[in-house]
Structures are given as structure tokens and as C-alpha cells.
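Remarks on the structure that follows.
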Amino acid sequence: MSFGRDMELEHFDERDKAQRYSRGSRVNGLPSPTHSAHCSFYRTRTLQTLSSEKKAKKVRFYRNGDRYFKGIVYAISPDRFRSFEALLADLTRTLSDNVNLPQGVRTIYTIDGLKKISSLDQLVEGESYVCGSIEPFKKLEYTKNVNPNWSVNVKTTSASRAVSSLATAKGSPSEVRENKDFIRPKLVTIIRSGVKPRKAVRILLNKKTAHSFEQVLTDITDAIKLDSGVVKRLYTLDGKQVMCLQDFFGDDDIFIACGPEKFRYQDDFLLDESECRVVKSTSYTKIASSSRRSTTKSPGPSRRSKSPASTSSVNGTPGSQLSTPRSGKSPSPSPTSPGSLRKQRSSQHGGSSTSLASTKVCSSMDENDGPGEEVSEEGFQIPATITERYKVGRTIGDGNFAVVKECVERSTAREYALKIIKKSKCRGKEHMIQNEVSILRRVKHPNIVLLIEEMDVPTELYLVMELVKGGDLFDAITSTNKYTERDASGMLYNLASAIKYLHSLNIVHRDIKPENLLVYEHQDGSKSLKLGDFGLATIVDGPLYTVCGTPTYVAPEIIAETGYGLKVDIWAAGVITYILLCGFPPFRGSGDDQEVLFDQILMGQVDFPSPYWDNVSDSAKELITMMLLVDVDQRFSAVQVLEHPWVNDDGLPENEHQLSVAGKIKKHFNTGPKPNSTAAGVSVIATTALDKERQVFRRRRNQDVRSRYKAQPAPPELNSESEDYSPSSSETVRSPNSPF
């Protein structure tokens, strides 16, 4: 994958070339992640053909490996889904949650798993398909899947209940259904089995929520979210297995939920102090006696579970949810999502069924321990949940607060990077790491480095990250002999696409620079850029005042401290575009004195000196000017950048000149040789939010700095996202409250 001297960057010309010749040809929708050229569909067609193309195809989608999901019907039409990627994104919002497809929908299989669907044209009217992430296809009889009843008005036959049975119950379902006099309103606590501290949920059982034993187990599965799958067995604190619905309404109020694993932890049936605090508020009669037990009966051998068993800390504040979701999915599920259906019903306490999943008491970031753990050379005890799924190799990166290791998924042989953050080095700054990870959970885009999976244990935080092995943006330019405006345009297209996506989520990156733009090579040989390092990223819900970023790329409103928002990323992208076309930045300081640099940025005077810009098109210069406007309201947005002719190919010159920028980039920037093409990607992954704290850039207070901006009162205090930092001329920085 290394960049040879003969490598050409034509692969960055990824937009639809056909649109230069027929403006209406882009009917196949959004570009693919690599933005490869699409064929034009603009041909002479009959009205009958056009009508058939627009007709919606009704197909049913199932979740890979989910035997309890009945599927969801989609109407597929060109008007609703302009591309296959748009369908995948919509399916992710509908079908993905913390337990099911937590990494989103990335693959669609035929119902028999023999073929992968790669385009909308391959979907057949009336057929069924299976949605998966990166795991292999799991062969099940998906068309026979059944769900428990969510409405008290729906009758269920004993035959259908027998099919969906999750455990062997005493007596037939018909007997249980006929006699439900034992059901009375009762609040029970379900504790997930595994190492402590453990997650606990509180559930209300009554005639509206407890229709059958199978349905209660399914709702407990949704609430407790075992990593090992559905809840297979429930035990009382005495070690007695719950066999039927009536067992919930006995003397026991606390139950241990177990998955399909064969072995139990020896102390599964002992409650520690934190767990006792959670259940104490309901005055359970068995708590005191259970906490005094020295030994308990275990339904299985006293061995550590060989299956993954993530646990969560239990907090003593009943009724509060303390964790953020591990999955970066939309907080508001699609109306067709099973999860959203359950939430809608849970709010209807009057006459409809109530979901048990809505009665969660508390949760925390999952923690893991167990057998099969590996001890690395640095002394990290890698959890079994990680080692069972991934083969962890040697250390490939070492930062101030994180270590990066080779990581290969066992089932697919895909290479990832395992980022291990030592919590002892982050004491007092944990919220900074949590902010970075919470942003990574939310984002999923072809031009952004992905967080694949995370695991939180008491001493470390483990993040499985996408490993981009093609070097950074400067590596791509300096290692090629042929480089034109079209290549630079393609690179900006990738960057602007990522920025547009982030800004649609009200996320500002605040540290966009060439070192954080990595080159990803796709299987078809095409390449695209991926944006990484979200250490300074944050949610924008009002003006921000923290002075942070990298001086060369920092926007004037950040320096002026008048409050800033999303468009600081556009300024940084404009600076990068300028560098891509001439090899040096538009604003340059003198030596270590950053006063000159900051004054130039505040002035915002962009020049295109000769002879460096003589062969660059006027369209490119116009775009850069609009991206580097000091007036934020007049500055382009990410959408406007993508719509500009120079980016969408209409404004590119017919006779392109080769740009000689490699030498100037090496002169103006630190682009020394790297040990390999993977080094840049590893360096980005090894960086954490805490690393931004280690450099300081300051400036003398200039009372005239704010004169060109609208007067705004300074905030009484910085918001919580701004731990204050700073740098040297090319390093990422934050500054104190009064940095100048």
C-alpha cells in the first residue's frame, strides 16, 4: 500500500464525470464512499420503462442472527433511496441499537446467505433479505421468526407461543393464559450476571406488562442487554431457576439474568454494597439475608464464564439512567423501528401494553473481566470479550496516554487498531476522554475514521478503531510525480463531505489539518480521505469561546474570542485547499513569533502570488476566497462548498497543468520520512484529547482584536467542554481563559 514514486492521484477524481456533459444524468443518487464514476442513465426510454423504474419494490428485511425479529417491510423506490448507501443508512437507523447490529447495517444478504446485495437493482419485489454488519451470515429460518405480543388485544395461539418459547415452562402456555389470577402489580429487580459491578434494571410486572413468560424474557433481554445474546435463564438469589411466569410472583423480588453461557460466576448470587443500595429503596425482605450469606448454591460449576460477559456499574440512584449509549445511533429511532414501537407503547399506561425495557433503573459503561484474558507486554489485562473476537498483536503506536496495538478480527481477518487508554493517567480529566468517545460513537461516515467497538474496564478503556494505512494528506502529495487541480478538487470533495456530515449533527471538529486527513485505499484501487482525531470535537448548542486548534488553520473568530460555531471548520478547509494548490499556507508568521500570523488571520487578506498561482484556475481562487471570509455569515457552508463548480467538476479547466507543490510542502511543513505508510494512521489513533493540553500558545492582549467583529459580551465562564489548552506554530492547542 506504500506510495511509490510513480503513483498517480487520478483516483481522487471520484465524482460523476458524466455530469460535466449531461447535467441531468446523476439520477442514481449520492456518490459511493469512494465517489467512483457512475455511468450515465440518461438515454432514450419509453414512458413504460420510466414508470416501472419509479415503481416501489416492497421487500422485507431481517436482522442477521436475530431469531426473534419478524422483519420490517420497506418500499424501495428511486425517489426514496437515491443510492444503495442511502438505503444502508436508513436501515441502520431502523434496525441498529446497542444489542442488535451495534456497528450499523453494512451488508445485505439474500435470505439464504449465498449472495450479497450491492445495488438497489438487485432487490426483487416481494423477496426477503438479511441485514448484517461485519459479522458472517448466520443461517436461520428468518421467515419463521415470531415476536411476543405487544398488545393485550392480540390473541395468541398456544402453537405460536410454543414456537417462540425461550425456556421450558411448567405447564402449557394455554394453561397459563387461562389462569392469570396470580398476576398482581409487582416491582422486581433484574441483575445481569458476570463480574462486579453489575448492571441492574427495575421492572414493573402487572397484567398489562406480563402476558407470558416468553414475552417477559424478551423484554428483560431488551432492558438488560446481555452481550452474549438473549436472556436464556433467570435465577433467584437462592439459585432456583425461574421456570414460568408464576415464579415471578412468588416471594423473590431479585433475579439474576443469564445468557447462553454454560458456567456461572461463583459470587453471582451475592450482592455487594452498591447493588444493595440500588434495591434497598424498595424494601426487599431478602436483601439483608442475602448479603449475610457466606455461601450460595450455584446452578453450575464454580468457574469463570468462558463467554463474553460485559458488566456495568450499579448506582444507588433509583430511576436515573447514568450512561450514554455505546452505539452512535440516532437518538430518535425511525417510527418503523421495533425499538421506537416499544417506546411508544411504554408511554401509554392507560390501556395498551407497556414495554419492560422502559423501566431501566441505571446503567454505566460496560466493564469486562474473565478467563481467556491476555496480559500484554505493557501489563494490560486485555478482556476476554476482546480476545475472543480479535487477535491482538504487537504494539504499533505509543502516545502519552494511549497505546495502539495490532488487532485482527478472527471471523473476517480484517485489520483494525486497538487503542488502550490507561485510566490512571487520566485522573481528573476523564470527562475529556468521555467527550471524545461519545462523539466517535455518534459518527459514521465513509470519510471519517470509525470507532468499531469499545470496552470499558476498571483500569483501561479499549477502543477498536478503523486502521487507515495509506499515510496522511501530505504523504499522498509528496510521494507522487503527477498532481493536478482535479486531484486537489477530489480531496476537498472528501473533506467537505465529512464536514457536511458532522455539521448536520451539530458537531464541530476544531482541528482539521493535513495530519488528521488519512488516505484510505479501497478494494477497487480507488482512494479517498478520512478525517480522524476528534480530541477537540464538541457539540455546538451555542457560541463557543474556547481558544483551540492549530495556529496555521485557526479561524479569526476563535482568536478574537467573540464566539464561534461550525464554520471554523470551513476556514480550516479553505487553508488546506490553498496549501493543496500552491504548497504553502495563506497566512504565515515569522519564526516563533505568532503575533504576525494571528494579525494576518484577523485581517483575512488572501493573496495569490505569482508565479505560484499563475496556472491555477480562477474558479479555485474564487472558492478559496469564499471559504476564507472573515465575515462568518458570508463564509461558505459545507453544502455550498460541495455545490461549487470547482468541486463538482463543472469549473475544472479542460487542459490541466501539473502542480509542483511537493517541494514547497516539504519546505514549509514538517514532512520527514515515516517508517511506513501506516505510521500516520497510528499516530492519529494514539492521540487523545489529553494530548492537546501539552502545548501552550499565547499572545499579548490586543485591545483592537475585536474591533472588526460585532461587540459581544464575554461569557461569565467557559462551558464544561473547554478544558483549556494550547501550542506551537503547527501543533494542536487550547488556551486558558485569557490566552493572549
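Including glycine, each Cβ sits where the backbone N, Cα and C put it.
Residues or ranges marked as compositional bias 'Low complexity' in Swiss-Prot: 297-313.
The compositional bias 'Polar residues' annotation in Swiss-Prot covers 347-362.
According to Swiss-Prot, the compositional bias 'Acidic residues' annotation covers 366-377.
For 57-143, the entry in Swiss-Prot reads domain 'Doublecortin 1'.
Feature annotation from Swiss-Prot assigns domain 'Doublecortin 2' to 186-269. In the domain 'Doublecortin 2' (186-269), the DSSP tally of helix, strand and coil residues is 17 helix, 24 strand, 43 coil.
What Swiss-Prot lists as phosphoserine is Ser36 (among others).
Residues or ranges marked as phosphoserine in Swiss-Prot: Ser307 (among others).
Taken from Swiss-Prot, the feature phosphoserine covers Ser332 (among others).
Annotated phosphoserine per Swiss-Prot: Ser334 (among others), in sequence order.
The feature phosphoserine is assigned by Swiss-Prot to Ser337 (among others), with similarity to another entry given as support.
What Swiss-Prot records for Ser347 (among others) is phosphoserine, and it gives similarity to another entry as the kind of evidence.
The phosphoserine annotation in Swiss-Prot covers Ser352 (among others) and rests on a large-scale study or a structure entry.
Per Swiss-Prot, phosphoserine is recorded for Ser353 (among others), and the stated evidence type is similarity to another entry.
Taken from Swiss-Prot, the feature phosphoserine covers Ser355 (among others), and the record attributes it to similarity to another entry.
Swiss-Prot lists Ser364 (among others) with the feature phosphoserine.
According to Swiss-Prot, the feature phosphoserine maps to Ser726 (among others), an assignment based on similarity to another entry.
Mean model confidence for the domain 'Doublecortin 2' (186-269) is a pLDDT of 77.
Here the domain 'Doublecortin 1' (57-143) has, by DSSP, the following mix of helix, strand and coil residues: 17 helix, 23 strand, 47 coil.
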